[in-house]
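Can you keep this structure in mind? I'll have questions shortly.
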Amino acid sequence: MKENVASRAVFILLLFLNASLLNGQSPPGKPKIIKCRSPGKETFTCWWEPGSDGGLPTNYTLTYHKEGETLIHECPDYKTGGPNTCYFSKKHTSIWKIYVITVNAINQMGVSSSDPLYVDVTYIVEPEPPANLTLELKHPEDRKPYLWIKWFPPTLTDVKSGWFMIQYEIRLKPETAADWEIHFAAKQTQLKIFSLYPGQKYLVQVRCKPDHGYWSEWSPESSIQIPNDFPVNDTTVWIFVAVLSAVICLIMVWAVALKGYSMMTCILPPVPGPKIKGFDIHLLEKGKSEELLRALESQDFPPTSDCEDLLMEFIEVDDSEDQQLMPRPSKEHMEQGVKPMHMDPDSDSGRGSCDSPSLFSEKCDEPQAHPFKFYTPEDPEKLENPETNLTCLQAPQSTSREDKIPYFHANGPKSSTWPFPQPPSLHNPRYSYHNIADVCELALGMAGTTATLLDQTDQHALKPSKTIETGGEGKAAKQRESEGCSSKPDQDTGWPLPQDKTPLISAKPLEYVEIHKVSQDGVLALFPKQNEKVGAPETSKEYSKVSRVTDSNILVLVPDTQVQNLTLLEEPAKEAPPALP
């Protein structure tokens, strides 16, 4: 019995179900939330799309709860936003809160719910379109005409309080065109449009968007008619200029790519580094010092010297028995077997300083108008007063420096010569004096050999008027001497060979080895010393008086009687004597 009752109940239920299906009734379909939008972060509205009702009346409800809460709330206002909407007023709107929103559909056949939607009011802001869009053509005098577009912010958006910032976007097009021309206006509420086509009617719209949110809907269209006389910028010229500039740039890039280094060198030449004139770096790298020095010497640099003034520290005058005041024997005397003896000067005597070509250059440049000539007196007793033994005759004024020949007294005090530089431009040859030994050799001749030869030579065979010939000018000098010495015809006018009364050479050699003293007047005193003493000691004489400097640059010293009377114990001068006058 029990099994029959159960089967009957199931059968009845199936009959009822089949009857409802045959009538088209079913549970409601699943609804869908479209979006939620807030016009100004103070209120917001949500829209949904309902599903099928199942042939039965269906009731839709919106429920929500805030994140972190368990209490579920129903929509506070279903009417303000319109059908299938829910409006949240300021009382029910909270910022920085996330809402979990769900839409439920209920009928007699069942219940269905939509997928939940998570909403943050800050990021669902979609303002209303801007209001009061205005279009106006402007014709300024100093500028080109333009279309001036002006609008106002949305009415429901609190822009003045700074609650949020709104950006604007404008689009316009000719009425017959299909595409819109969009201009971004940022935060400003006006915009100027140039380059409009004349005779066209333009349509303009504007919209806005907050800093966080969505673009608003476009505002209603506004239109304006552009007159036919509206000036338009001719862009053809600018297009031509742009194309030409692009071609020039391409050519320059191509040239730089091919010849970049040469062009850069031409435009920006390299700055030369510091370089010493005549200094070759390649020669220095090769290590060829000879070529480097030769390159440096070839430059036109003036020679430099550490010493501006050449000073003479030592003066040494030799008066030796082997050297007498007579000219160097010529080739004719050499054929007779007479050879001159050369006396090597002491390398430590400081005599090399006398060879300076710049020494006494001023003296050499001054013309000697009255050359002196010295003669040998016949009376040997006149040796006591050497100053009286010197006879000076003036040569004619027309006589040049080359014609002036010095003559020396044979029995007078032994003299020394001073070497002067001879100018190389002289045509007539002269002897070149480079040291005291050569002067003495030229002046005195040969020492011992000459004395022996003179003893064997007939004294009367030599002429008293024979003089020393220099540079082939002996005859002219003889004639001038004979004319100038007319005041003293009794004395010999030349250099005679040794006579009986006056021996030519001293028996004992004299050698000047030191400077005796220098007087307060700057007079140089030389002290003669004998190497050997035979018999009674001879009285030494001091040759301290400079008689003169001859044209041949020979310094002549004679005894000074006043200097001889001074004491020999006077301390010699420590400094070099001043230049001789």
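In case you wondered, yes, glycine gets a Cβ from its N, Cα and C as well.
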Of the residues Asn233, Asn565, give the one that Swiss-Prot describes as N-linked glycosylation site.
Asn233
For Cys36, what is the disulfide-bonded cysteine listed in Swiss-Prot, choosing from Cys46, Cys75?
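Candidates were Cys46, Cys75; Swiss-Prot matches Cys36 with Cys46.
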Labelled N-linked glycosylation site in Swiss-Prot - which residue from Asn18, Asn132 would that be?
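Swiss-Prot records N-linked glycosylation site at Asn132.
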So which of Asn59, Asn389 shows up as N-linked glycosylation site in Swiss-Prot?
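Comparing Asn59, Asn389 with the record, Swiss-Prot tags Asn59 as N-linked glycosylation site.
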Please report how many Å separate the Cα atom of Asn132 (N-linked glycosylation site) from that of Asn59 (N-linked glycosylation site), as a whole number.
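Roughly 41 Å, rounded to the nearest whole number.
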Is it possible to list how many residues within the domain 'Fibronectin type-III 2' (129-229) are helical, extended or coil according to DSSP?
0 helix, 48 strand, 53 coil
Only counting partners 6 or more residues apart, tell me which same-chain residues put their Cβ under 8 Å from the Cβ of Asn59 (N-linked glycosylation site).
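Long-range Cβ contacts: Ala105, Ile106, Asn107.
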